[in-house]
Amino acid sequence: MKVNKTSALIAVAAIALAAILPMFISNNYHLNLMIQVLINIIIVVGLNFITGLTGQMNLGTAGIFSMGAYTSSLLATRLGINPWICLIAAVGMGFLIGMGLGYPSLRVSGVYLALTTIGFSEIVRILMTNLTGLTGGALGVTGIPPFSILGHKFQTNKEIYYLYLVIAIILIFNAYRIVNSKWGRAFLAVKDNPDAVEAGGINIASIKILAFTLAAVYATVAGSLYAHYVGFINPSAYNLEYSINYVVMLVIGGIGSVPGNVLGAILVTLVPELLRFMENYYWLVFSIITLLFVIFLPNGMVSLFKGKKREEKAGKGAQANGR
Amino acid sequence: MQVFVQLLITGIAMGFIYALVGIEYTLIWNATGLLNFSHDKFILFGAYMFAGTYVLGLGLPPVLAILFAVLTMFLFGIVSAFVIFNPLSKLSTNLFAVIGTVILGRIMIESVRLIWGPLPFTLDNFLRGSIHFGSVVVSKAHLVIIVVCSLITAGLQVFFKTTKTGKAMRCVSENKTAASLMGINVPMNIAFTIGLSAIVCATIGILVIPIFNVELQMSSMIGLKGFASGVIGGFGYLPGAIVGGILLGVVEIFGSMLIPSVYKDCLSFVLLIIFLLVRPSGILGNKR
């Protein structure tokens, strides 16, 4: 794998900044936001595999995330299982969902797939609200234990931040490797030209299911991390709005690029907080800003940095196609 | 027996609402190739415009208020066509279009919250009460829904088959290049289609006021179920949306007799997924 020096430097600087920053922050709410950013980064990096690279519209993130959160928290609270094992169980749930949602994506695509995933997510939400015996219904699950290592419980926000930072860095690095591997190129090719992919001897079915599984596993892991961090979950928040938020992060940051995903997750989580001084109007202003971004900068923030290179390439490609 | 008839009428009335939702987004889908994910907010906007501004705010009689609400929504549709839908339909993948319409919906719901406030309200004397046919009791709202919706669907069919504008709209949805070569102003035509869709949305919003009250979440479920009804009947095909909608309404109301009624909302999504997997083209979708 070729890593050029500047991007490696930027990555190291970003990690160092992320590690140092909490030392200067004593406000618990700000730390809470930073943990939320880490969790969102994990989800968006995962969503990038299926929606960003493979081009399959997934609007079911809320359903997948809450399945992860519920799997993990129910095992921990009802059966008293160690949170780490619950996390592994959440990964297993991610596999199952990925396979299950990947299968329809073989038959339907585009808008149909978006509707299928919305349907899945709504079914999950309705079941979680109404299967009161299993999930606690609208009141949710309370008293979810935090993670612990060798008897040390991660309870303060600062400790949790560092633990999740390590997990997030591993997952981001992993995603970066996958995006720049044979798999990543196959994902991109499925988006650009499925017929050519098939002619090239790559099995589209397995590639799509793989992308879905990766996305689902990342989302369920994030769900599990979230549940063990806040200690309380209920189903009411996980509606279509919630899923859409992650696609917005993906688009704002830059589709297909892992650094872009990270940037998008940070911006979309923090900018609304910066706009809070507008009180009642902050969400309206933020929505208008995002709309302008989508119309005028559809390739996201990263296209500002490497815009020229991309445009040149795209221009050549278009000429070669005779357009 | 009378329970059966009453349930059937309720089911058909809800089915007609889903059918209209199906029609409203199918119009935009056919004209621009975009799925309008903000359509439930259009419905919401229509309802608030009618109830909040024209009836409670200005104190107009309902007939005049309906007229004004429909007119305002038509203009709103045309403006949003030029500002949002036309730029979005030029972008490369439909991912951006999905996000664009979704965010339009967010902006609309925030505006609604800021303009009319977050508290739910209702109109007391609007389509309340019930009518007796022998031993069968039918609520006035359901009856009006059935009548108005049948008139709209019939009217739209006539409009598309006989008028010049309607024919031009069908032409644009078939082939935009050919349409513009035949001298049809395509952007104008698309804007008109979206305006028409906004009118249908406003009508839905006004009709469901007696059933759901006027509140910020009033249309999110019917919006999603409208998507389901379109897929079940045959996506992108107007008669399909009608058949799918009515089927969904009736299945839902009788299904809730068999399963606990809290799972009623699940039923339409389960049907949606089954249809997508088994017969993605829908019941009437043998055109494609």
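If you go along the chain as it appears here, the first residue is 1 and each next one adds 1.
Every residue gets a Cβ built from N, Cα and C, even glycine.
Just so it is clear, the model here is predicted, and its values are computed rather than measured.
Features reported for this protein in TrEMBL:
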type	residues	note
TRANSMEM	A:7-25	transmembrane segment
TRANSMEM	A:81-103	transmembrane segment
TRANSMEM	A:134-154	transmembrane segment
TRANSMEM	A:161-179	transmembrane segment
TRANSMEM	A:209-232	transmembrane segment
TRANSMEM	A:244-269	transmembrane segment
TRANSMEM	A:281-305	transmembrane segment
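Only pairs six or more apart in sequence are counted, and the transmembrane segment (A:134-154) with the transmembrane segment (A:209-232) gives three or more Cβ pairs under 8 Å, enough to call it a contact. Under the criterion of 3 or more C-beta pairs below 8 Å, with sequence separation of 6 or more, the transmembrane segment (A:209-232) and the transmembrane segment (A:7-25) do not qualify as touching, having fewer than 3 such pairs. Sequence-remote contacts of a segment are chain residues at least 6 beyond its ends whose Cβ falls under 8 Å from one of its Cβ atoms, and for the transmembrane segment (A:7-25) they are 31, 34, 158, 161-162, 165, 169, 259, 262.
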